[in-house]
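See structure below.
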Amino acid sequence: MSHRDTDNDSMDNLLDEKSIDLEKCRKLVRSYIDLHLYSAALFWADKVVSLSNQDPKDICTLAQCMYLMKQYHRAAHLIKRYGLQKTDVMCHYLTVRCLLEAKEYNDALQVINESEICTNITQAGITFASRMDIFQDAPKNVQSSILYVKGRVYEAMDNRAVATECYKQALQCDVYSYEAFEALVQNQMLSASEERELLESLPFTEQCVKGEAELLQLLYDSKLKKYQAPNTKQSLITCNVMGICVTDRLADNLDMQVAKAERLYYNCDYHQCFSLTEKILKKDPYHNSCLPVHIACLVELKKTNALFYLAHKLVDLYPEMALAWFAVGCYYYTIGKSDQARRYLAKATALDRLFGPAWLAYGHSFAVENEHDQAMAAYFKASQLMKGCHLPLLYIGLECGLTNNLKLADKFFQQAQGIAPNDPFVIHEMGVICFYNLDYKNAERLFKEAMKSIQGDVRNVILPSKWEALLNNLGHTCRKMKKYDEALQYHQQALVLDPLNPSTYSSIGFIHALMGNIQEAVDAFHRALGLRRDDTFTATMLGYVMEQLIDEAPPYPDAPAEIPKYKSEDSEVRPENSSNVGNSSSGQEIDKLRVILFSNSWGENSGKVGKIREDDTPGKLERQTRDVVNYSTGDSSEVEMLDSSTAHIEYN
């Protein structure tokens, strides 16, 4: 018998003599963990390991206490020292989890590869290799958790394709694994159709009773893509779980309210979205899912004071969260300080490399300064992280359009439409591409389709101000198609949304000039110059129509239409002296000059000079001002074709 065996026997005898109850000590450890007294739990767990002669379950509990105290390397080393990661399923899971939190991704992957548990995934569960019999009897939630952590490791190593499959397998193994579902949805790993296919393929009926299956489908369905407008009626499925009506109890659930707010945001109803998120944050001021939507609404509505207060409160309370620094960056972006915004947004991406909204906002900070290359680099990074989101592709297409690469822009818009086919921003930008390709008929169709999609709710009598660009673009398109009355109506509707836009007044004045309404054109051009004095196009057109107005307007009210005829009576009067003759002749010359000037202004050919006529001049004016609709909004010399490049921040 060895010396160690002798020591163990003496220890057992001592335990018997003193009657030490190990179960009581284990319960003490659990109670301290429940009370979040991790130091006390760690102290007693360490003693229980020694007293129990290194029982694997006690070692796992000790490692768990180390994990809770964020001593990740120590916990992983403890399990590896006894080789339990290969023999105990919970120790295997905890080892990978510790290495993941310690950012030792290669070591975590090595542990996974040494104990590869998954060989085949079916709706009945996981089938294992013969050498991995330790996982055969593991509960399905443990198997699902191992697959989820495996996906986290691969995602941290930028292998998102394998990570996506791991998350799907985790959900197939356990449909209650919300963390796996959230990783797929919140990180935008799937398109809308792929999300729907995943939801339909999950084995709810095999793993849940009927009521629970309906409840789980309802909850998951509320988290899917939010591009559809929120229903006016309750969309909750009427089902009963333990006699409780789900429709009544979940109507005011905060998660369900956040899902509704996201739908309102994606449909550009920012005011209603903001009021809803405010109500949610009054009940739960730091709701993680609601805060990104609320911050995005503050940016859209330019509520800088509220955004400043919220951002600094988050930084004080949660300085380790990427969301806090994202809020600070959004504040500086909103007040126009792009350099400072980039500094804080870069910090947000450093804290969480997978936080897609921060990358989008980072790209916006470059786009607002016309730094197209840097903006596209940030958008491309966001597109890699947010595979199922159309916004990065939309913004990349916008930057391509601003650099006059219309073919490449069209390709990105088509990809974005494949992800979100009913998104009005995508449809609008595709209409812009058709406009520049001189395909005015399709441009009009697409613009009207986008208008129809945002006017789906009859309660929204007035559109959000974000869609002023769409109305103006419809006006430009109708003007190109010589539908002047219809174009005028669209521009006037755009004025309702943005009454101080000088480009809209210039467009209205241009249409009035083409229709021959000179006085109305002058008034519109004057208003445009009052808002923006350095507009070259408006100043040129104002001078042109002013010349016409001078030619056509009478010199004074009730002026005669014909030239009056004067009788020469002076010839019958004989001059008395030479001085009178000179004076009379000079007076006649002045009268003749006045008649000549007056006849030049009001003669038969007076309308041929400088007059805008509907039959032939519009084409000439259109040619002279071919670039009157310009992609870039910074050119003050032309009527602008506004775009939605600063539409909103996706947070997902």
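Glycine too: its Cβ is placed from the backbone N, Cα and C atoms.
A TrEMBL annotation is a machine prediction, not a hand-curated record.
In TrEMBL this protein carries:
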- 564-575: compositional bias 'Basic and acidic residues' (COMPBIAS)
- 577-586: compositional bias 'Low complexity' (COMPBIAS)
- 611-626: compositional bias 'Basic and acidic residues' (COMPBIAS)
- 643-652: compositional bias 'Polar residues' (COMPBIAS)
- 555-586: region 'Disordered' (REGION)
- 603-652: region 'Disordered' (REGION)
- 468-501: repeat 'TPR' (REPEAT)
- 502-535: repeat 'TPR' (REPEAT)
**Asked** In the repeat 'TPR' (502-535), how many residues does DSSP call helix, how many strand, and how many coil?
**Response** 28 helix, 0 strand, 6 coil
**Prompt:** What are the DSSP helix, strand and coil residue counts for the repeat 'TPR' (468-501)?
**Reply:** 27 helix, 0 strand, 7 coil
**Prompt:** Tell me, what is the mean pLDDT of the repeat 'TPR' (502-535)?
**Reply:** 93
